[in-house]
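A.B. asks: Just dropping this structure here.
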Amino acid sequence: MNPLALTIFLLSLAIGTTITLSSFHWLLAWIGLEINTLAIIPLMTKTPHPRAIEAATKYFLTQAAASALILFSSLINAWQTGEWNINSLTDLPMNALSIAIMMKLGLAPLHFWMPEVLQGISLPTGLILSTWQKIAPMTLLLQTSHLLNLNLTIALGLTSILIGGWGGISQTQIRKVMAFSSIGHLGWIVVILKFNPLLSLFNFMLYIIMTTAMFTALIAMSTTKMSQISTSWSKTPALSASTMLVMLSLAGLPPLTGFAPKLLITLELVKQNATLLASMVMLISLLALFFYLRLTYIITLTLPPNTPNSLLIWRTPSKSLPPTAIMNILALTLLPLA
């Protein structure tokens, strides 16, 4: 892609998110979300492959539907209250708005676009879609968290954790696994959103760090399938070992970074007398733990049959090492440091 065009698209992504973050008016928030959507579509189709075009089309249609619902519900709210302020919402528009924003985020049961779109695009664009594109809708949810319907958020959160674990088990494509992982993590964030928005924000920040670490490692190893990951140990042992630890961090095992949000969310739910909900959330997330453990098993404990017995050559592309190293350190050591 032309560097000038790439710069324009990346700047548009930044501007779209900034507009949504700094807006108090639903129309401005909607404009920011639209700029975001339109800026990432050319990045999705920069490799002119039918699969990429299909992914971009699916993404555009779902995001357009969600944006239309946001505009429609904020219009009804303005009609009822005479205000476009983000925080002055009545019940019906608030429910419709939260469903539309959760559709933009890819929460279950509005998640069907997410694995398909992520599978059809390149890893760097997948990284943007899994992290940066979630910031603007998540900010809108955090801003309106005190107005959210508790039953709706808990139902969607539990469904997302369940589908995030269930869907990832049967996958052999790592991008699809990462899509279901994203759905599961967003489920954890939304379950606690009404009780403690600050904890949701903390969880979201750690999710972005861990997902970025995982994607940068995959980009450095240039792997998209489990069969490729199983042969990565003989090529790049250091990177494979750190990727394995990042996967365990995403699974939420102590003493890695990913354990902190799970522990704090469970404690908060118990404090709020939602012990049954906390135990359900933990039990359902065992499904996700299973496929992360399977991935770590494949990456570290399986070797291709033709591995030479001589000393391994540590071939890692030096260009991608600094960002990968930084993100891996953050994804693994934030909890011990804290």
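The chain as shown is numbered from 1 upward.
Cβ coordinates come from backbone N, Cα and C, glycine included.
So TrEMBL lists these for the protein:
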- 25-285: domain 'NADH:quinone oxidoreductase/Mrp antiporter transmembrane' (DOMAIN)
- 56-76: transmembrane segment (TRANSMEM)
- 96-114: transmembrane segment (TRANSMEM)
- 148-170: transmembrane segment (TRANSMEM)
- 177-195: transmembrane segment (TRANSMEM)
- 201-224: transmembrane segment (TRANSMEM)
- 236-254: transmembrane segment (TRANSMEM)
- 274-293: transmembrane segment (TRANSMEM)
- 289-337: domain 'NADH dehydrogenase subunit 2 C-terminal' (DOMAIN)
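In terms of burial and nearby residues, how do these features look in this structure?
C.D. replies: Sequence-distant contacts of the transmembrane segment (96-114) (same chain, at least 6 residues past either end, Cβ-Cβ under 8 Å): 33, 58-59, 62-63, 65-67, 69-70, 72-74, 76-77, 89, 134, 137-138, 140-141, 144, 148-149, 152-153, 156-157, 159-160, 162-164, 179, 182-183, 186-187, 190.
For the transmembrane segment (274-293), the residues of the chain that approach it from at least six positions outside its boundaries are 154, 157-158, 161-162, 164-166, 168-169, 171, 177, 180-181, 184, 188, 191, 195, 247-248, 250-253, 262, 265-266, judged by C-beta separation under 8 angstroms.
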A.B. asks: Any chance you could find the range in 56-76, 148-170, 177-195, 236-254 with the most Cβ pairs under 8 Å to the transmembrane segment (201-224)?
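C.D. replies: Comparing 56-76, 148-170, 177-195, 236-254 against the transmembrane segment (201-224), the winner is 236-254.
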